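Participant: Would you mind keeping the following structure in view while I ask a few things?
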Amino acid sequence: MERVMGVRWYAALRSSFPILTWLPRYNLTWLKMDLIAGLTVGLTTVPQALAYAEVAGLPVQYGLYSAFMGGFIYCIFGTSKDITLGPTAIMSLLCSEYIGGDPVFAVVLTLLCGIIQAGMALLRLGFLLDFISHPVIKGFTCAAAVTIGFSQVKNILGLKEIPQQFFLQVYYTFHKIPEARVGDVILGLCCLFFLVMLTLMKNSLGSSEDEAPLLVRSARRLVWSLATIRNALVVIAATGVAYSAEVTGHHFFTLTGKTAKGLPPFKTPPLSETVANGTVITFSDIAKDLGGGLAVIPLMGVLESIAIAKAFSSKNNYRIDANQELFAIGESFSSLLKLSQSVNQSFLILMFSAGLTNIMGSFVSAYPVTGSFGRTAVNSQTGVCSPAGGIVTGVIVLLSLAFLMPLFYYIPKASLAAVIICAVSPMIDFRVPVQLWRVKRLDLLPFLVTFVVSFWEVQYGIVGGVVVSGFMLLYIVARPKVKVSDHGVLLLELDSGLNFPVTEHLSRLVYKHALHVSPPRCLVLDCAHVSSIDFTVVHELTELLKQFELRGVSMIFAGLKPSLLKVLLSADLPGFRHTDRVDQALQLLTSINHYEQQF
């Protein structure tokens, strides 16, 4: 008995701390692959973190403050070997809408987001994300990519004093083009050119034949590796050019400027702020100013992480069976999970990990983070074997903070802008409207509402798209398809559940085709596809049956599921009759009609 209890206790402990599942099997081969993957992702993370801090409107060091905690937390709690948590373009854009460039607001937002996300995981509220449809997500990501990409044009051109609001930004960017700095333009375009070329090289090498000679394969591997860390290479080269110009007294480029040195102190998140004039902004005032961001940012953070988890579970041959078990066929790490994590549990753990990362990140002055699709793809492609690769990435970021911060002064803003533009450009998917048009044209409506309104305010775009999708869903529930046919007896075939929004529609059809005709007609209600019913519908059916009795005709229910039949029998409906099959009901009513005609 004690042994059984011990096994159960250990299984529960492994479920809560997935690191206990793979750590006992860790070996030198895994260590080698995790070091390579972690180093590669780290060299991608550092320049992206610096650039995304610019998008969030924060000093660049805050991007690095946000980039290392996720690797350590997810290593303990994570169930996927591929996912990397850190700053992303979309989360940075959302944060910029609420924090106003204030680091204190950013840290408080991180803390509250983490608490909300962890609470959602513990309360199993992930189902709320099911109400954000795919057209809404695509409309938002496309609009966000355009917004983020265009916001960096000013840095490519070396322009200053450009408003943050998108439409004003477009106007003033074009208005101030004559003020563009030649050095920034040339450097920015060169960085863009090299990033695009390296991206194309990497994509072409990805489909190369493995039967090539060893020397050719080694060369391809080298080029692929260099293309993978292209962001770091371009930023390093641009920084070298800018530094050379500065030391020779030529100020051709707009630089990142002074940054804080060293590692961030580990301290309690500030819950208030004293501004320059001595006014104290309390925690409640900060939370009030953050407003809708406390709903939008946690939800979008979780949504982004889960979307990445789904994408890479599919890519790496995970499959879901009828019992919602998560399997991985041929994946060494995933096979060690004993195939015991359900999909829902894995997503809840991911949600909890993101929340805990944000909570702990607030102690090191981070702003909100989530799963990064681009860096997760790099992690997967470089052959990571376990979540320990995130530790290597975190160490790379910490080393950058400890020793490289003085050099970040010389990073040209144009090079970071080029990194951001290339990072967000794949998010603009021109195939989506075409696919929506082919599959269901009405789905273009929430897509377009989200896409257009997001240029005004990102959060309103998401809310608008969700509201439109919700109304479309409610209309389908309230107006299900009902097939009306005449078999000598009237037949109504329902194709969905009978819930209270449908009562008026159903009643109108019955009156139109059966009760308000002369003479009144018998009716068979085919309920084979009906899986649910509620009190409002039962009440309406009672009234309809009374009307049928008053007119001397019958209504028979056919194909009722046992659970629904039990409900209707318990409701004691007047004149209630039912058959197992539609043909039995039609035959019964035809016989009744024939008998009545004879007598």
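Every residue, even glycine, has its Cβ placed from backbone N, Cα and C.
Worth saying up front: this structure is predicted, and the values here are computed from it rather than measured.
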Participant: Pick from 21-41, 63-83: which range does TrEMBL record as transmembrane segment?
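Facilitator: Comparing 21-41, 63-83 with TrEMBL, transmembrane segment matches 63-83.
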Participant: Near the transmembrane segment (388-409), which residues from the same chain, at least 6 beyond its ends, have a CB less than 8 A from one of its CBs?
Facilitator: 26, 30-31, 33-35, 37-39, 41-43, 45-46, 49-50, 60-61, 64-65, 67-72, 74-75, 78, 81, 84-85, 239, 243, 255-264, 379
Participant: Could you tell me whether the transmembrane segment (416-438) and the transmembrane segment (290-309) are in contact, taking contact to mean 3+ Cβ pairs under 8 Å with a sequence separation of 6 or more?
Facilitator: no
Participant: When you scan the chain for residues with a C-beta under 8 Å from the transmembrane segment (416-438), skipping those not six or more beyond its ends, what do you find?
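Facilitator: 47-48, 50-52, 54-55, 60, 89, 135, 138, 141-142, 144-146, 148-149, 152-153, 155-156, 188, 191-192, 195-196, 199, 231, 234-235, 256, 374, 444, 447.
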Participant: Is it true that the transmembrane segment (63-83) and the transmembrane segment (347-368) have 3 or more CB pairs under 8 Å, sequence gap of 6 or more?
Facilitator: yes
Participant: Average the per-residue pLDDT over the domain 'STAS' (488-573) and send me the rounded value.
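Facilitator: Averaged over the domain 'STAS' (488-573), the predicted model reaches a pLDDT of 86.
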